[in-house]
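First comes the structure, then the notes that go with it.
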């Protein structure tokens, strides 16, 4: 059981550290967003206003964005803040990441899928994500390479800014879909390693899901906020969105 003094210390450290990290990260990401916006509008052809055309453009935008140096900078800033905070926590509380030596690399958003919200005022968004995962087996002493895939879910609605009276895109909570997470071995391994992975698969899924959510969700937020609000509004207002979405997804 965690001693009381450690709990008090943890709360104090996290309060001060998290405030500082959030301030620094906010300033860094604010600068990054300014760099991302021109990337979205550079070298892209004009598309029609049908839902299919708009969603295809979003997919192209997302692909271009992830290859840009600005996106890599945003990912780096988010990872630095998360790593610093985890270092503070790990000194007091052991985590599954420490126990398994788990590392995430080459995370990639593959697609963007949309479905209308029932009230017709927004969209439910799904972002399929893949990543490479390495695990250092504490018992077997070998590095295990895995491929992870999952869906990150969020929703976006169009609301009126009370100060400017202009439409703005408001993004809801971003979280992983627990039913979508899958892990697969990349290489052939012995029966011992297969048994080890199977014995801890639920713990690994939970940890990988949490890490990818923390890394990618801030970038999804940047991506949505970098879009022209009119593009999102067109998707929301399209009267044939249900039929066309089903053909895309």
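Heads up, the Cβ atoms here are built off N, Cα and C, so glycines get one too.
Summarising the annotation, Swiss-Prot assigns signal peptide to 1-18.
Sequence-distant contacts (6 or more apart, same chain, Cβ under 8 Å) of residue 124 (N-linked glycosylation site) comprise 114, 115, 116, 117, 153, 154, 155. Annotation note: residue 124 (N-linked glycosylation site) sits in a strand segment as assigned by DSSP. Summarising the annotation, Swiss-Prot assigns N-linked glycosylation site to 124 (among others).
Residue 132 (N-linked glycosylation site) counts 15 other C-beta atoms within 10 Å of its own C-beta, drawing on all protein chains shown. For 132 (among others), the entry in Swiss-Prot reads N-linked glycosylation site, with the evidence type experimental evidence.
The Cβ of residue 174 (disulfide bond) lies under 8 Å from the Cβ of 152, 153, 154, 213, 217, 220, 221, each of which sits 6+ residues away along the same chain. The disulfide bond annotation in Swiss-Prot covers 174-217.
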